[in-house]
Amino acid sequence: MSHNAPLVLMILDGWGYNENDRYNAIAKANTPQWDEWWQTCPHILLKASGLPVGLPDEQMGNSEVGHMHIGAGRVIQQDFTRINEAINNGKFAKNAVFHEVIDQLKKTEKSLHIMGLLSPGGVHSHEQHLFALLALCNQKKFRSVHLHLFLDGRDTPPQSALDSLKCLNEELAKHPVATINSICGRYYAMDRDKRWERVEPVYNLLTQGKSERQFPDAETAIHFYYKNKISDEFVPPTLIGKEHSIQDGDAVLFFNFRADRARQLTSTFLDPSFKGFERKTLPKLSYFVSMTQYDKNLLTTTAFPPVPLNNTLGEVLSSHGLSQLRIAETEKYAHVTFFFNGGCESVFTNEERIMVPSPQVATYDLQPEMSAHELTKTLIAAINSQDYHVIICNYANADMVGHTGNFEATVQAIECLDQCMQQVWQALKNNGGKLLITADHGNAEEMFSEATNQAHTAHTSEPVPFLYVGGGWHFTHSEGSLIDIAPSLLALLGITPPPEMTGRILLEKNHAHP
């Protein structure tokens, strides 16, 4: 390949901007490189939540939505918003997939097992979507419904499941069609890193009704776990009431709308070459319905199929004959590839990908640096190779350690990132390269909630930084949003953004003084 002075787009996952220093792990951390850049390099703040990223107003941003908007350069109506609208305008209750499944189950006198994250978080799911499904079952007078609920505590306060259960019980009083048959923390049910030892007990509970503990109702179970210092996210797979496992002829409906943490559990039912663990039983399902498409290789019946996107940043770079590298550790690999390409599985011409394995630890506060040092080494080697025109990389630390709620560990994570950024810039400088730094959403800048008096483990709605290092250019606007990143990056490369990109170019070349 030719010698290229690379342009690196560095996405610091979960690195938001907050004027308030209190509970702010980024402000508390010792970050000499970041501080120097913030004082001397052009930078602005970008909106990364709510309407500017296709979410409902005031809804916090998240990694999937953030990466899609950075890559697309336009506002994309998110699945969350799309499903909310379908509920409000009546299309949800008319969805042909839901009707077909319920009609078939009524005919065969089989059961519907609805599973998913019971949460008002709006990141992977929303409990209102479950409530809309219950209303539909009630409308169709279908009452053989079993609920298998995953608990959040990550995009919500660590102990908030009882609030959601209260809302669910109110809905069940109105629409008495279902029973709660199991609960389980998302740590087990929604793993995305091939930690099959977490998923196996969930599968055994769903298919055989097996769990270490059994409780008469979900509230009793949760009180027991809280007493034993186990918060929502980490509640082990637990049978509730009478055993109603998934049987031949039954249907499963997974109501999560976000794909990355739904794929593994789905694959235990649908992947013909599954090797994660030995399945004692494999029910022959009449349907496996997913709210959205989780993976084109997982043949679910999809209630809300994907809307294709053309001319995302990766496609534009490829069509201009430029080489690009996507690099991240396991936790965020899907984000810089699948989501960055607009939810598209295909790899563009001259697009290469490197995944650095994430460390195998129970929670990332135990290893705040995660795989950042290995990622940095690999990234520097790629810069020095001069094989790539553009490198898009993600550092997961601020988000993944921020999610643990451990303030000191998150400070360590930020300090590790600062060292990594300094090393990456040295390599870029030596190769005549340029650096754009941003984030997909906030997290580490707000680590405690005075409102709930609990650790703030969720994302925030704060803006994120957009910083340019490399000289010769300046920002023309005082603020923007994530959709402005792709057009601005193309401007640095001298490429006119395609008409599909409605984001603005925020960077302009400095005029030479006469």
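One-based numbering along the chain as shown.
Each Cβ is built from the backbone N, Cα and C atoms, and glycine gets one as well.
In Swiss-Prot, the Mn(2+) 1 site is described by Asp399, His403, and among His373, His459, His474 the residue recorded at this site is His459. Site annotation (Swiss-Prot, ligand Mn(2+) 2) includes Ser63, Asp440, His441; from Asp13, Asp152, Asp365, Asp387, the additional listed residue is Asp13. Of the residues His113, His124, His223, Swiss-Prot places His124 in the same substrate site as Arg154, Asp155, Arg186, Arg192, Arg258, Ala259, Asp260, Arg261, Lys332. Of all the binding-site residues listed (Asp13, Asp155, Asp399, Asp440), Asp155 has the fewest other CB atoms within 10 A of its CB. Around His441 (Mn(2+) 2 binding site), a 10 Å sphere centred on its CB holds 28 further CB atoms from the protein chains shown.
Note on the binding-site residues His124, Arg192, Arg261, His403, His459: the fewest other CB atoms within 10 A surround the CB of Arg192. Under a cutoff of 8 A between CB atoms, and with a sequence separation of 6+ in the same chain, the neighbours of Ser63 (active site, phosphoserine intermediate) are Asp13, Gly14, Lys332, His335, Phe339, Asp399, Asp440, His441.
Of all Cα pairs drawn from His124, Arg154, Asp155, Arg186, Arg192, Arg258, Ala259, Asp260, Arg261, Lys332, which the record names as binding substrate, the longest spans 18 Å. Around Ala259 (substrate binding site), taking its Cβ as the centre, 24 other Cβ atoms fall within 10 Å, counting all chains. Arg192 (substrate binding site) sits 15 Å from His403 (Mn(2+) 1 binding site), counting Cα to Cα.
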